[in-house]
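Reading through the structure tokens given below for one structure.
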């Protein structure tokens with residue numbers, strides 16, 4: 001029996017976020033292109049070497065990127081929109097596509113399947129010349145070979161997933177464009193094979209959710225590629241779910257190895273294998289370590305999985321690997337010594353997961369006796385965390401048991417509530433607001449750092465936050481916004497902030513993961529039962545309201561987003577954790593309301609991303625996700641207006657869920673997706689308050705009043721003006737003050753123009 005260890009992808013950002021810092025230094029012209037490329041190469045090779053030193057045999061090459069691996073593939077295949085044609089250098093084109101420029105709108109960005117990573121959406125245009133513009137995987141393969149002597153495993157995004165993630169073509173064009181991808185993929189694979197690549201990983205995560213017709217279509221493409229590259233050793237890699245529905249066909253694809261996810265698709269993949277077996281002439285790559293969470297593996301469970309597989313499959317060749325790329329986990333837990341022993345011992349970040357793969361490999365090749373001590377350690381760790389007092393709170397259990405049906409609904413229906421709210425709030429037609437955060441300047445970040453390091457006192461820090469809050473309340477009044485926000489200057493991250501103030505959470509010092517581009521997040525760790533402790537947002541919100549006669553809205557992050565943007569305990573269902581968070585937020589919302597706050601926004605930007613990949617599993621998730629939001633928000637008076645916000649999602653799938661949230665107003669990202677949600681509303685009605693974002697806050701460019709007015713105009717064709725709000729796409733935390741103020745002034749002017757037009761037409 002031949003067994004190898006492999007990794008699907010390694011975190012890009014560096015142990016001290018060197019990758020992020022290098023990118024941002026280059027963007028701000030602090031380093032030149034030569035220094036940028038040199039530093040990036042050093043980081044890239046350091047990551048390859050780290051995996052080699054951990055004992056990984058099949059080391060991924062080409063998973064490293066300057067921004068996003070889907071963007072890399074788009075550039076490589078010539079999917080470069082014509083609006084970027086005036087840029088000549090590779091990096092100028094590449095970063096303009098990713099980030100936009102003063103005069104160019106960036107390509108759309110959206111969630112990578114149901115993760116919190118974002119990819120740049122490839123754009124197809126008529127007349128596009130599809131060809132292999134740059135064999136980047138080959139360059140990086142040869143680099144690792146020459147510099148480190150590592151014969152790596154090139155990783156590429158497969159043609160079917162790539163085109164399915166792209167936009168700009170009609171369904172009728174799909175098959176034609178797909179066939180046009182054969183030639184560049186043949187060239188790419190031929191050159192890699194000729195250079196000596198022993199195995200090439202071709203990622204096709206979309207295979208988890210294809211129809212039978214689509215799988216047949218994909219198979220034909222792989223047959224066409226195989227015909228031209230008969231000797232390349234291809235590993236067809238799936239992840240994020242099982243391929244159960246199409247497994248029988250997928251195992252006949254002309255590839256030498258198939259990778260399956262036995263963490264997030266364990267039940268389905270095992271069921272398919274028990275029914276259809278696995279070909280003797282292929283290698284089974286077993287995703288047996290969770291690539292999306294941070295907990296130590298249950299080694300006994302993994303070894304039992306292999307025992308089951310060895311009984312049911314014909315092959316004698318296995319690859320031991322994570323369930324997906326380790327992009328979604330922090331790099332190393334060694335710096336987290338501040339954590340309690342029971343929690344620290346239970347964690348496994350990327351480097352620890354690689355060590356687990358090597359342990360499993362040892363057990364499979366040399367017998368479990370070879371890792372007897374490690375197995376005993378793992379069993380003790382799991383027992384300790386399971387029996388922890390933090391995971392067994394009686395008060396949390398009692399609150400959950402006491403829930404009644406009426407805890408999940410508002411007293412009056414929306415139309416009646418909204419009438420009462422209009423009387424109470426006295427807002428104009430087409431009210432303007434922002435999504436919540438304002439620029440976190442260098443001064444804001446530096447002052448917070450000084451406070452955390454004990455350089456300044458609590459009192460000095462609070463005075464600084466109050467000064468920033470007052471400054472931005474005045475800015476908002478001068479701009480002419482209708483509903484104001486306090487600016488969130490006290491918050492580093494919209495999830496971390498709440499986690500720090502709730503029981504059941506813990507925080508890493510260096511547990512960073514990439515969200516999009518150079519933006520990294522440090523997800524909280526939900527390790528115990530979640531419970532309310534004290535007010536979390538009351539002081540800052542009430543202070544902001546005391547400064548103005550205008551309405552100030554409270555700002556909270558919703559239960560499902562806190563759940564989906566955290567590393568979550570894996571010993572109870574996610575639904576139960578979500579309900580615990582919702583009950584804690586319910587306390588906070590009641591406190592805000594009793595403190596005189598009449599508009600409360602509960603953001604759920606991550607509602608869509610938590611959906612399972614398979615449509616058959618959607619209803620169960622949506623039901624408890626919606627119930628969690630309702631549990632958090634339903635105890636307020638009818639006169640209190642509940643807002644929510646969502647961004648970066650395929651909203652067409654969840655229009656019914658959005659409606660079921662029963663929020664009085666929802667604001668949605670629409671400008672970057674170039675009006676797709678507006679198109680959705682042409683085919684369905686939405687009869688509650690809604691704000692469709694009028695400008696993309698992820699780009700530094702300041703859009704004109706006319707651009708925003710155009711989106712308002714389009715929106716009012718599908719939305720009732722009585723319920724329509726005007727706002728940016730998302731929070732403004734990452735933008736500069738000199739970008740934010742003119743953009744908001746243009747937005748308010750666009751709103752005034754739209755009001756005038758409505759009055760004229762009336």
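Using the three backbone atoms N, Cα and C, a Cβ is placed for every residue, glycine included.
Keep in mind that what you see is a predicted model, and the values were worked out from it rather than measured.
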Residue in 488, 490, 549 which Swiss-Prot records at the L-homocysteine site where 435, 436, 437, 603 also bind: 488
According to Swiss-Prot, which candidate in 520, 730 joins 645, 647, 669 at the Zn(2+) site: 730
Among 451, 472, 565 - the residue Swiss-Prot places in the same 5-methyltetrahydropteroyltri-L-glutamate site as 17, 18, 19, 20, 111, 519, 520, 609: 565
Collapsed DSSP category at residue 609 (5-methyltetrahydropteroyltri-L-glutamate binding site): helix
DSSP three-state assignment (helix, strand or coil) for residue 19 (5-methyltetrahydropteroyltri-L-glutamate binding site): helix
Distance [Cα-Cα, Å, rounded] between residue 488 (L-methionine binding site) and residue 111 (5-methyltetrahydropteroyltri-L-glutamate binding site): 25
CB contacts for residue 730 (Zn(2+) binding site) [other CB atoms within 10 A, all chains]: 27
Cα proximity to residue 609 (5-methyltetrahydropteroyltri-L-glutamate binding site), best match among binding-site residues 645, 647, 730: 647
Cβ within 8 Å of the mean position of the Cβ atoms of 435, 436, 437, 488, 603: remaining residues of the chain near L-methionine: 434, 485, 494, 555, 601, 645, 730, 731, 733
Rounded Cα-Cα span from residue 520 (5-methyltetrahydropteroyltri-L-glutamate binding site) to residue 730 (Zn(2+) binding site), Å: 17
